[in-house]
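Copied from TrEMBL, the annotated features are:
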TRANSMEM  B:12-29  transmembrane segment
TRANSMEM  B:101-124  transmembrane segment
TRANSMEM  B:172-193  transmembrane segment
TRANSMEM  B:220-240  transmembrane segment
TRANSMEM  B:260-285  transmembrane segment
TRANSMEM  B:297-316  transmembrane segment
Amino acid sequence: MAEQPILRAEHLGITFGGLRAVDDFNMTINKGELVGLIGPNGAGKTTVFNLLTGVYKPTDGEFWLDGEKMNGKKTYQVVRAGIARTFQNIRLFKQMTVEENVLVAFNESFSYHMGGAIFRTPRFWREEREMHQKAIDLLRIFKLEGLAQTQAANLPYGAQRKLEIARALATGMKLLLLDEPAAGMNPTETEDLLECINTIRDRFGIAILLIEHDMSLVMNVCQRIQVLDYGRTIASGSPDEIAHNPKVISAYLGNDEDDADTDAEADTADTADATADADGKEEHDA
Amino acid sequence: MKKSALSMKQSYIVCAVGIAVLFGLLMAVCESGAANTYIKGILMTCCIAVIMTTSLNLTVGVLGQLTLGCCGFEMIGAYSAALLSKMIVAKGIAMDPTARFLLTIFVGAVIACIFGILVGIPALRLHGDYLAIITLGFGEIIRVVLQNIPAAGGVGLDKGQAGQALIGIDRIANLYVVFWITVITVVLLFMFARSRYGRAVKAIRDDEIAASASGLNITYLKVLVFAISAFFAGLAGGIYAQYMGSLTPAYAGWLQSTNYVIMVVFGGMGSLTGSILSAIVLTILPEALRAFSDYRMLAYSVVLVVFMIFRPQGIFGSWEFSLPKLINRIIYRNGRGGAAKAAIAAEIAEFGDVTATAAAAETAEPAGKEA
Amino acid sequence: MSGFVMFISQIFNGLKIGSVYALVALGYTMVYGIIRLLNFAHGDFIMIGAYTLMLSIPALAVMGLPAWTAVIPATLVCALVGVLVERLAYKPVREKGNSMTALITAIAMSLLLENGSQAIFGADFKTVPTIISIPTLTIGQLKIDGATIVSIVLGVIMMAAMQLYVKRTKQGKAMRAVSEDKEASLLMGINVNGTITLTFAIGSGLAAIAALMYCVSYPQVSPTMGMMLGLKAFVAAVLGGIGSIPGAMVGGLAIGLVESLTKAYIGTITGGVITSAFSDAIVFAILIIVLLVRPSGLMGEPETEKV
């Protein structure tokens, strides 16, 4: 393909005091692609997100967004360049309204300065009006426009997840990182979310990298899947290939030696993860 | 629906009229002789407290970063203004007192702001209690340094002596001028808080990690807010110096700073109108308790503890008093829900667009149902 | 030679006041460790301890008891005041408010204690009767007075005892558990509120011992005596790493040494540019530098937020 990939990561790795959390992580995502990143708990999936968004500095390797080198940049620089994310434990601006949450992410689209704000110049009003309209339009995609003036903390759980995605979209990104968007959702909400993800990918023509435990979701929407275990990539390919890869099956279900390990993990995992595991098994059987 | 609220322009006019009425009252009280020097002094102190508290609220309430060093910056402004004023007189430069007052407090504020930036850049890397401690430390350093600069003690400049109060500052602060400075300060802070900057700052308060993941440059915004607070603290200091006529370094210490933090928390974190109210109440309260002389500070601290137990969110919480909204409530009284809708419409109407208002009406409807 | 002797005696001076700081810092640290509250009123517990000493020494003398036994009523009174402050003010605020309101409450409690004792005892300094008279120890040219020896020895003993208590006893373990995770401790059957109260009692009791050590050297009390002392101790606790017991000791001794050495030498070192009057500023400057380099203090555990 002649076109530049949106994300190219080469040999990314990070070590925390002797622990190799992510090792030799390679990934290419093209425009409009939806890639899944899966793996057992503690495999380093969220760490990959933190590396890609400048929360952690990689100890080795490099990554590029649209050909622009990104490592070493601060989070806000990476976000402005075009990588936005959501969080595993929802992080909203809880005391602000739904609309304000989105407007914050639009902040960089405003060009009025402090003087403009203080003297309420025509430019101030024009931009504020424009951004308000854009925010409402964006919320409409997620059917949140009716809740625009509600305080974010008072939203139902599913709506909070959606608002977080809307806010990420408002940064005007090229690559969207979704960290377990379906966690804690019931099947209807998950269905709803699936529709949203498809809509935004088609509407905005962006690339999406998705971490998810809900296997049915991953298998349904992702074109490609990459599997992490203990910080290493153990498999990557189409959903079908992944579902039949023996390495993946053993990482998830555990082979003889680390059976006990996996059991312990399942015990400590919350219900959402437990159901995810069950879903995973079904997929493998299929 | 569209007609049931004041438009943006009307709202601004209502606020302007409100301020003018307030000034009229102030003039009436002063000119009629109803206010003696003591009362005028309290009014002046109230103005200074309002500037200090509202600007501190920007850091403590809106940005959510506790600082205990605001009086350090206030005294930097105070000493700078006082010494500059003395210098102008010593050099024999002819200058209208009000012009000199305005010039000196502005210079004092700028110097305080520069110090604010210098302190803010390293200090704001820390959070919560640690930030409180480090700013407390800076305040104490400022106090000790002021105590030991010969030019900042006694009669000041080249005849000054270290370790003494700075005395003989021209008392050129005029209550009317100070009133308008206070109004301008509060208006500027409001405009800042209700813009993309204010939104960004609130976002940092709510969740720093999410804020940076939304593309905000946290360090820049934090230092910006800190510098703004320091600027106005310096401004208040310049006024204080030229109202009191003397300055002591002890005022830069943490105890005074905590006093203003108390005012912010008492008024409600993030509520600028709450800060105005609490600055006035807590300035007058100890004066009103003067009858109990020895026991007034005791009573003050008891009131504070009781208040914290029963209303920890402060008088206003994060709610802002708004004259236009009040008028909307009174004139178009459709009960609470109606008023809430009108308020939302008014907020959207601030953007001054009919379509936006229509959208608001549309959005207000389901919101009402949800609730 | 005499220069060296002077240096050594300055070191002892620093250790003396440093032990007082360390003991007070220990109280700060224990309370902060368990409820994450900067207890601004802690310095005022020293003041209460000192007043109790002042009042109880003559009473005990009537009963024929030596003056130092006054530390027992002082400790009891301080512990009681500490527990009352926690139960009446901090606990209700902790349950309803946030960290900022808790801090304001602590400041208000500090004002309350200071103004309360001012209303009772008046604002001026009062003299504390002699508590302990130990002859001055002379080693060659070096003279170390009894107060210094008492302070250092007492300080070291208390520190070691506290360290053992927290590490070895059941209650100590409960304290550490509560400071790590309140909810988990509750689930493990630990009486969380009881543990917090106990921590307050011990922390405040230590302030009474610090008051004794302080009054041995400086036999004066006033309602605001705890303010600067408390602030310095607080700096010591933060410097050492708030929440860490050895940190409190290291921080306290470090602040004491810095203070006495800068007072003695800073003028000569800087050629009179910075005089001994700057010693407080230097203490704070060191605190700031340490916090910027190691935000959690010398021996504290760094706190990071998980993304």
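Glycine is treated like the rest: Cβ placed from N, Cα and C.
At the 8 Å Cβ cutoff, the transmembrane segment (B:101-124) and the transmembrane segment (B:172-193) share at least 3 close pairs (sequence separation 6 or more) and count as touching. Within the chain carrying the transmembrane segment (B:260-285), a Cβ under 8 angstroms from the stretch's Cβ atoms is held by residues 42, 45-46, 49-50, 52-54, 56-57, 60-62, 64, 66-68, 70-71, 186, 189-190, 193, 202, 205, 300, 303-304, 307-308, 313-322, all 6 or more beyond its ends.
Below 8 angstroms of C-beta separation, residues 19, 23, 26-27, 30, 40, 43-44, 47-48, 50-51, 54-55, 58, 62, 85, 97-98, 100-102, 105, 201, 228, 232, 235, 239, 242-243, 272, 276 of the same chain, each at least six residues beyond the ends of the transmembrane segment (B:172-193), sit close to that stretch. Long-range contacts of the transmembrane segment (B:220-240) within the same chain: residues 44, 47-48, 51-52, 54-56, 58-59, 62-63, 65, 67, 70-71, 73-82, 104-113, 115-117, 119-121, 123-124, 173, 178, 181, 185, 189, 192, 197, 200-201, 204, 247, each at least 6 residues beyond the stretch ends and with a Cβ under 8 Å from a Cβ of the stretch.
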